[in-house]
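Step one of this worksheet: look at the structure below.
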Amino acid sequence: MYAFRPGCHNRPIFILQLLINVQSADTVEGVWPLPQDFTSSMEQYPLNPHTFHFGYGKQSVAQRGCSVLDSAFKRYFSLVFPDYSSANDVLEFSKDKPFTAEISVDHDHCDDYPNEESSERYNLSVSERKAVLNAETVWGAVRGLETFSQLVYQDDSGSYFVNKTEIVDFPRFQFRGILLDTSRHFLPVQTILKTLDAMAYNKFNVFHWHIVDDPSFPYQSCTFPNLSSKGAFHPMTHIYTQSDVRRVISYARLRGIRVLPEFDSPGHTSSWGKGQSNLLTPCYRSGIPSGTFGPVNPALPSTYQFMARLFQEVSSVFPDSFIHLGGDEVDFSCWRSNPDIRTFMQKMGFGVDFAKLQAFYMESIVNITSALKKTSIVWQDVFDYHKRRSSLSVVEVWRAGCYLCEVRKVAKAGLRVILASPWYLDQPGPTHDWARYYTVWPLAFKGTDKQKKLVIGGEVCMWGEYVDATNLTPRLWPRASAAAERLWSDERRTSNVDQAFPRLQDFRCKLVRRGIQAEPLYIGHCKHEFQGV
């Protein structure tokens, strides 16, 4: 009696047990991130693409015509049977009995967007001639389909199989994000879409789009077209049109991924000033204008009028209820040099405390977005200098050092927290350092259960100083996969790097076969090497 390992290594493993618990590495290779409760048997069922189909359960609230699931069925059929279109289909025999993957959901969110409260819970049961997937929402069903696709494997002759399996699964954290920076290097839409595919394979659910910054302003605003026409690297080729943005949002929605835009200010705004006069602060030297500009000018009413109109547009374009307002790394030297800024500060009673000026600005922007029914996220800098923290909602911790000390401070203040500090992947480094991103314990700080529940998740950040479309994918994957499992799976069952390694190695091969140029973890090979080079 034996069970087959799914993935790239399909040699039989002789075993003594009838049922194998998930804690055995042999039974979980290729399933990533690890489900919460996973039991697999050595009982094996053949699958034939000619007699296999996805269908809706009779009790399912969603039925045929559900855009999310109809498209997922098409997508995952190709992922379950990657060789099906081959002219030499070795599986074309009619004696096979039908196999149905039946999907049922409790709520109809087929035309909605995923949000911060969307359930991703699902149950999956695989038995003879049938797989049954039950989920509360279509988003949970999409996660379950990904898991089912990873359970299917091939033998050396190319025949497909799946083993008897029972899974109960749900994410540990509700917010599991990937940040892409499209200002320092422009990323073509196709590159973003490919990243969304890889995110879905890893069960990430938030695309944090750091769309503009100092170097360039590629977002094409209908309200302020000069922002991109003068602030982008190129006004025609290096911009994201409204159509491009809608395409990204739609593509992400079908994969259960939220799109979180970030328009960072008052710093990181050099490109903004090229297309919007009187927005940035004129810097002075020896009492006269130097001709250079600093952060957004917080002393002018026109600044807030501009921001209100811009965020009104952004709020209508991006449907997610969250918006990232940045607020990090503000250089006070230009503000300090400007006599009008100093006069404004005296009038407001700020004295010479420029942190109070920044807090005033950020609070004004938060109020603008709150009026638009948006929940704001800010970088930890805003929390650190903000005395009146009641206006803040979500804080993203990004600085190195004792980042859990900062997480504890934010949670103790009663605010929600997103952890990014340990997952900055943009710096060059060997792929085998994936373990440092795996052995992260987001809740390992002294606090109450209530405070720890305020940690809503984490985020992998891929800043763009040294990253463009040529190296984004291999620099991101499979190291980001380590963070994916940390944010999805039970920490007690995924704390051992040695046990995780064969699963990640197997999963990396799956990514490669699916066209994701994930870097190798170590010496070895995949049965199906990357075909795109």
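Cβ atoms are placed via backbone N, Cα and C, with glycine included.
Where the annotation comes from TrEMBL, it is an automatic prediction and has not been curated.
According to TrEMBL, the cysteine that forms a disulfide bond with CYS509, out of CYS461, CYS526, is CYS526. According to TrEMBL, the cysteine that forms a disulfide bond with CYS334, out of CYS283, CYS402, is CYS283. Cα spacing between CYS509 (disulfide bond) and CYS334 (disulfide bond): 51 Å, rounded to the nearest whole number. Taking each of the disulfide-bonded residues CYS334, CYS509, CYS526 in turn and counting other Cβ atoms within 10 Å of its Cβ gives the largest count for CYS509. Here CYS110 (disulfide bond) comes close to ALA62, GLY65, CYS66, SER67, VAL68, LEU69, VAL138: these same-chain residues lie at least six apart in sequence, with C-beta atoms under 8 angstroms from its C-beta. Ranking the recorded positions CYS283, GLU329, CYS334 by Cα distance from CYS526 (disulfide bond) puts GLU329 first. Secondary structure of the domain 'Beta-hexosaminidase eukaryotic type N-terminal' (31-151) per DSSP, as helix, strand and coil residue counts: 28 helix, 35 strand, 58 coil.
For the pair CYS283 (disulfide bond) and GLU329 (active site, proton donor), the Cα-Cα distance reads 17 Å.
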